[in-house]
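According to TrEMBL, the features are:
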type	residues	note
TRANSMEM	81-104	transmembrane segment
TRANSMEM	110-131	transmembrane segment
TRANSMEM	143-168	transmembrane segment
TRANSMEM	188-211	transmembrane segment
TRANSMEM	232-257	transmembrane segment
TRANSMEM	263-282	transmembrane segment
TRANSMEM	289-309	transmembrane segment
TRANSMEM	329-347	transmembrane segment
Amino acid sequence: MHRHQELCAEAVDPLEIAAGLEAHGMTDSVAGRFRHRDVFSLAEEVYARVPREAGQTRAHQDHDPAASAVRRPRSAAVRLSAYRAALYLLPGAACAATALSVHALRAQPLRALAVAAVAVPLIALAVQSVVRQGPLRAPGGAAAGGALWTCWLLGFALYGEPAVAALLGHPADAGVPFAPFAPFAPAAAAAPTALALALAPAAWCAHRYAVRSRAHRDASRSLADFAAAVRPLLAGTMVLFLLLLLALLCAVSAATGAARTPAALAGPAALGMLLFTARLLAIHGFPGAAAAGLAAASAVEVCALAGAFLHRVHGLEPLAGPIEAVGPAALSAPACGVAALVLAGYARRALSRASAHPVAP
């Protein structure tokens with residue numbers, strides 16, 4: 001109690017103390033040493049024994065973000081929502097405009113290169129502005145390498161699979177006069193554009209999950225009750241985002257004439273789910289796990305490129321076997337899909353802890 005005096009004195013309910021103790025490594029077995037059946041019962045006794053100011057609970061309610069949102073003028077809230085919606089849609093709109101411009105200039109490589117050189121950094125800045133504020137912001141910052149692995153995964157989605165096919169000796173698609181600009185063709189740009197547009201539903205799903213999980217945190221009477229409530233909420237959030245992502249992929253593919261087969265949608269959908277799950281973990285205080293999942297998927301893709309490059313060396317021909325079995329055009333689906341499933345399993349355990357959902361300041 002003396003070690004966590006500040007936490008105990010400022011807590012507004014026993015569950016907040018339990019979440020803090022849990023974040024500091026307290027488990028039910030450790031609580032048993034203090035003759036309590038679990039962390040929550042220990043937190044209840046500590047909450048009852050620590051003196052606090054009479055108006056503290058009231059002060060906390062006065063600073064409740066939900067109450068502040070109610071008091072905020074409706075016109076200001078509408079303007080804020082419109083601004084954020086435009087901000088989240090900006091990267092997708094920029095992707096579509098860039099693809100159309102570069103594709104129109106494909107017969108003039110230098111002009112197309114100039115447009116791409118200007119547009120791609122601007123798109124990256126737009127994405128960065130989205131993930132550094134609002135529901136997608138990670139309070140503690142991203143783990144080292146997280147941005148690098150994300151850039152690799154997106155780059156491989158654009159150029160990796162054609163590069164693997166070329167290294168394996170597969171014939172290139174006909175009608176592509178300048179290969180570096182092939183990903184900017186309308187059909188090829190459908191998946192990147194849909195992923196950029198998916199930032200809007202990702203932000204909405206992350207906000208919805210955060211609000212509802214904190215509501216469960218306030219209503220729960222124990223850590224076990226909270227975990228039982230948020231696990232289905234997490235699963236529902238991931239399924240909801242997957243459905244919205246698939247809807248975007250189908251809509252953009254239909255507009256650009258891209259294929260809408262399960263095989264064509266599997267790779268972008270797996271990549272989108274991996275990025276969303278990793279971001280959700282980073283938002284709630286697990287950036288290291290998020291970066292590890294992205295790094296694992298990137299490592300698989302690096303191995304695929306290396307295997308395709310080295311299979312021509314005498315004695316290393318078997319390296320191309322697994323790649324040929326999966327197919328160069330389907331490498332992202334298993335690499336990102338397996339990593340997304342592993343991260344989802346980790347998130348099910350990590351995000352069921354009350355310490356992952358602190359009271360909003």
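The backbone N, Cα and C atoms fix where each Cβ goes, glycine too.
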Other parts of the chain folded back onto the transmembrane segment (289-309), taken as Cβ under 8 Å at six or more residues beyond its ends: 142-146, 149-150, 152-153, 156, 160, 163-164, 167-168, 274-275, 277-279, 281-282, 319-320, 322-323, 328, 331-332, 334-336, 338-340, 342-343, 346, 350
When counting Cβ pairs under 8 Å to the transmembrane segment (188-211), the leader among 81-104, 143-168, 263-282: 81-104
Positions whose Cβ lies under 8 angstroms from the transmembrane segment (232-257), at least six residues beyond its ends: 186-187, 189-191, 193-195, 197-198, 201-202, 205-206, 208-209, 212-213, 216, 264-265, 268-269, 272-273, 276-277, 280, 344, 347-348, 351-352
Close approaches to the transmembrane segment (329-347) from elsewhere in its chain (Cβ under 8 angstroms; 6 or more beyond its ends): 153, 156-157, 160-161, 164-165, 234, 238, 263, 266-268, 270-271, 273-274, 277-278, 280-281, 286, 289-290, 293-294, 296-297, 300-301, 304, 323
